[in-house]
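> One structure is given below, represented as structure tokens, and several questions about it will come after.
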């Protein structure tokens, strides 16, 4: 297929329109094929984001960590569903990374380098402060960042308000020059030990999975469930809609393993690391399409356009849908007061939590699961700070208030 070009042909007007002897012939077949291939790739990326987001939301709902006492009592070591799910997710994610390294090393290294580049301007203080704020925010309003998207409108509002605050007043002030790849926070556990990355992934992954499974035997998952949740649903497959799909809850370690397995598909197909909190940034950035706002918050403009940004938003929408499907099948749609806090605490908690996520460069999924999966020292620091901050705040608050007040913070 060819088209005629009138450029560089000053005598075109005097030529017969059927005479192409003096025209440049430009092949466009390759361009057409490239456009079709690009469109199909974009469609697949959109579908992957929605499908994986749906599965993510489904697993998170079945893990029951949206119920208020689950997170707070985890920080007090009175319940262990959250810890089981997190350890299983990281363990399965590490096994997924090991498999990808064996099969597609170049692809994994590309994803890893992109993740390191994303965090190359953050130092130890960013991870310590950010992780601590995430832990405090989780206890304050009871939800992980990913679940805030699904379950709390007011928490989302707090997160969006924080996004504007962070990029307008904080981002430029705390951003540093790029750290060298040899800096501690950008180094990997396998480089420090040192052992091959695949071996490190397998060993650490098995340790995490082993602890999660051990906790399931030590603290049976059904004993960790909130009684109010069971009053709405059931854990008996024979009484549930859709058999096991309609159960009010699944073993947290199984749900965590499902989330960790998603890491493999997320890295292989969209070629990205699993993360959730960036959806808040992309959503908030859409107001930057208004020129005056874009000029006022220039550091937010890069999140406004492009499919790579929209993937985060589509993933979040898929998570909402997946959780809704799970709650609908089990008849445990969380409308009761036991599943959240008051409006002020929800907004403030979301604000604090997202401020921490932006400082640390990721949330419990972005840094806690994906960063730890990549064996980055900075992500281990963030994860320790998340749990450390949450535990300190939970114990401090519970010592100064009655249990009833703590549960209804």
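Backbone N, Cα and C define each Cβ position, glycine as well.
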> Could you check which of 276-297, 342-363 is flagged in TrEMBL as transmembrane segment?
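In TrEMBL, the transmembrane segment feature sits at 342-363.
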> Residue list, the transmembrane segment (124-143) vs rest of chain: Cβ under 8 Å, 6 or more residues beyond ends.
66-68, 70-72, 75, 151-152, 155, 158, 174, 184-185, 339-341, 345-346, 348-361, 363-364, 367, 378-379, 381-391, 393-394, 397, 409
> Is the transmembrane segment (149-169) packed against any residues at least 6 beyond its ends, judged by a Cβ distance under 8 Å, and which are they?
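57, 60-61, 66, 141, 143, 276-277, 279-281, 283-285, 296-297, 299-300, 316, 319-320, 323, 334, 339-340, 343, 346-355, 358-359.
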> Checking distant contacts: for the transmembrane segment (249-269), what same-chain residues at least six beyond its ends satisfy Cβ-Cβ under 8 A?
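Those are 44-45, 48, 52, 55-56, 59-60, 62-65, 80-82, 84-97, 99-100, 104, 107-108, 111, 209, 212-213, 215-216, 221-222, 224-225, 229, 233, 235, 330, 369-370, 373, in sequence order.
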> Which range wins on Cβ pairs under 8 Å with the transmembrane segment (310-330): 39-60, 189-215, 375-399?
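Looking at each of 39-60, 189-215, 375-399 in turn, the most contacts to the transmembrane segment (310-330) are made by 39-60.
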> Counting Cβ pairs under 8 Å to the transmembrane segment (342-363), which of 80-103, 189-215, 375-399 comes out on top?
375-399
